[in-house]
Amino acid sequence: MATPIATTTNTPTKAGSLTIAGSGIASVGHITLETLAYIKESHKVFYLVCDPVTEAFIQENGKGPCINLSIYYDSQKSRYDSYLQMCEVMLRDVRNGLDVLGVFYGHPGVFVSPSHRAIALAREEGFNAKMLAGVSAEDCLFADLEFDPASFGCMTCEASELLIRNRPLNPYIHNVIWQVGSVGVTDMTFNNNKFPILIDRLEKDFGPNHTVIHYVGRVIPQSVSKIETFTIADLRKEEVMNHFDAISTLYVPPRDISPVDPTMAEKLGPSGTRVEPIEAFRPSLKWSAQNDKRSYAYNPYESDVVAQLDNYVTPEGHRILQGSPAMKKFLITLATSPQLLQAYRENPSAIVDTVEGLNEQEKYGLKLGSEGAVYALMSRPTGDIAREKELTNDEIANNHGAPYAFVSAVIIAAIICAL
C-alpha cells in the first residue's frame, strides 16, 4: 500500500486555515468548481487576478470580505517586497482564527511567490494550509498551439532564470520560455531592454532562421489568444520587440527530430507492436521546420480498425456507473463543499448516517472513508452486473486498485504516442 507523502512536519493544532487557489487564465470560465466552493465558504478571500470580470465574480460569490492584493504593488518598490506584504496580510487573518482563501490568477503555484511562502509559514505555525490546482498559462498554450509535451518532451523555464543559470535549451524538444517581456526585471517598471540578451542565446542554440511563436492566452470574453510567428532574427527588429510585454511567452518548437536509440527501442518495445499505428498517433510538428504536414486521412490500416466499429461488442471487463441516486448526489455534494468534506473526514459515520436513501452496502462503504470502497460500489464490471453478482463487505473494504487501471492505460497510450 502506498504511503501518503507528508505535507507538513506539524499537525495542525490551531483554529484558522489557509487555502490557496487559482482563477485560471480565461476570465471566470477557468475557475474550478472546487475553487468556487472555497470562495463561497471561506471567511475571507484575498485575490490577485488580472481582469475585472474575475474580480467581480469573486466579490459576488464571497460570503465575507474580498480584498484585492494588487494594492500592495507599487512602482517604487521591488516585487519581492510586494509579495512579502501580500503573504503577511493573509497570514494575519489566519492567525486570528479565520478560514482564509487566497486566489491568484493562473495556477496558484506557478510563477506565484506569495502563495508558496504563505503556505509554508502557516504550516510552520501550526495551521492547516493547502493549495488547489488551477488552469495555468501553460495549459492554455498547449491547447492553443496544439502540441503535446509528451511527444518529444518539453522544457519550460522563466527567461531570466534561463539566462542567469545558463539552463540548457534542447533543439530536439519543445521549449517554453516564460516572461520574455520582462527579462532581468525585479520591480514594476517592466523595461525590456535586456531582451536582446535572450535573442543572442536563442540564436546561438537554434540559429537565426528558426521559427518561434509569441503567445499570450486570452483573458476576458472579448479577447482572443495572441499567436504570432517570427524567426529568431525577426526578434531583433524594434517593431517586433514592441509586441512583447510582461505576460508574453515564447514557444520554441523542436528544430530537429531526435533519432531513436535502436538498442533501447528493442528493450522497451512491446512484442509485436506495429510501427505504422505508432507513427500515426505521433502528431506532426505543427510549428517546426520539421513539420511533415502529415495527413490524418484513413490509410488501409486505420480504415480496417475503424470498420471494426460496426460490429463492436463492449468487453466484459468494462466498468459502468452504478450507485443509488442518493449516493451519487452525496458524493457530488461532497466534492463541491469543503465544509462537508472536512466534517466527513473527521467522522465519516456521523455524516453518512444523515444521508437518506442509501442502501446498506453504500452506507458501509461510505463509512470506511476510502476511495477504493467508492470505486467498488460505483464502478462495476459489466459481467458482474449481468450475473447479478453481489458485492461482499470484504470486497468493498479491500478494494484498493480499481481507479488506477484506466489511468495506467492512458499513460501507456501516451508513451506509445511519444515513441
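Even glycines carry a Cβ here, placed using N, Cα and C.
Annotation source Swiss-Prot lists region 'Methyltransferase domain' at 1-255, citing similarity to another entry. For ARG79, TYR83, TYR105, the entry in Swiss-Prot reads active site. According to Swiss-Prot, the S-adenosyl-L-methionine binding site annotation covers TYR105, HIS107, VAL110, ALA137, GLN179, GLY217, SER248, THR249, on the basis of similarity to another entry. Annotation comment: Swiss-Prot describes 256-381 as region 'Clasp domain', evidence class similarity to another entry. For 382-404, the entry in Swiss-Prot reads region 'Precursor leader'. Annotation source Swiss-Prot lists N-methylserine at SER408. For ALA409, ALA413, ALA414, the entry in Swiss-Prot reads N-methylalanine, with the evidence type experimental evidence. The N-methylvaline annotation in Swiss-Prot covers VAL410, and the record cites experimental evidence as its basis. Residues annotated as N-methylisoleucine in Swiss-Prot: ILE411, ILE412, ILE415, ILE416.
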I want to check the contact list for TYR83 (active site): same chain, sequence separation of six or more, C-beta distance under 8 angstroms. What comes out? SER113, PRO114, ARG117
Filtered by Cβ under 8 Å and at least 6 apart in sequence, the residues in the chain of HIS107 (S-adenosyl-L-methionine binding site) near it are GLY22, ALA133, GLY134, VAL135, SER136, GLU138, ASP139
Report, in whole Å, the straight Cα-to-Cα distance of ARG79 (active site) from VAL110 (S-adenosyl-L-methionine binding site). 16
Return the count of C-beta atoms lying within 10 angstroms of the C-beta of VAL110 (S-adenosyl-L-methionine binding site), excluding that atom itself. 16
Give me the largest Cα to Cα distance among TYR105, HIS107, VAL110, ALA137, GLN179, GLY217, SER248, THR249, the residues the record lists as binding S-adenosyl-L-methionine, in Å as a whole number. 16
Express the distance between the Cα positions of GLY217 (S-adenosyl-L-methionine binding site) and ARG79 (active site) as a whole number of Å. 23
Could you find out if DSSP has GLY217 (S-adenosyl-L-methionine binding site) as helix, strand or coil? coil
Secondary structure at SER248 (S-adenosyl-L-methionine binding site) (DSSP, helix/strand/coil)? coil
For ALA137 (S-adenosyl-L-methionine binding site), which residues of its chain lie six or more apart in sequence with Cβ-Cβ distance below 8 Å? ILE25, GLY106, VAL110, TRP178, GLY217, ILE247, THR249
Whole-number Å distance separating the Cα atoms of ARG79 (active site) and GLN179 (S-adenosyl-L-methionine binding site) is 14
Here the 10 Å Cβ neighbour count for GLN179 (S-adenosyl-L-methionine binding site) comes out at 23
Averaged pLDDT score, the region 'Clasp domain' (256-381): 83
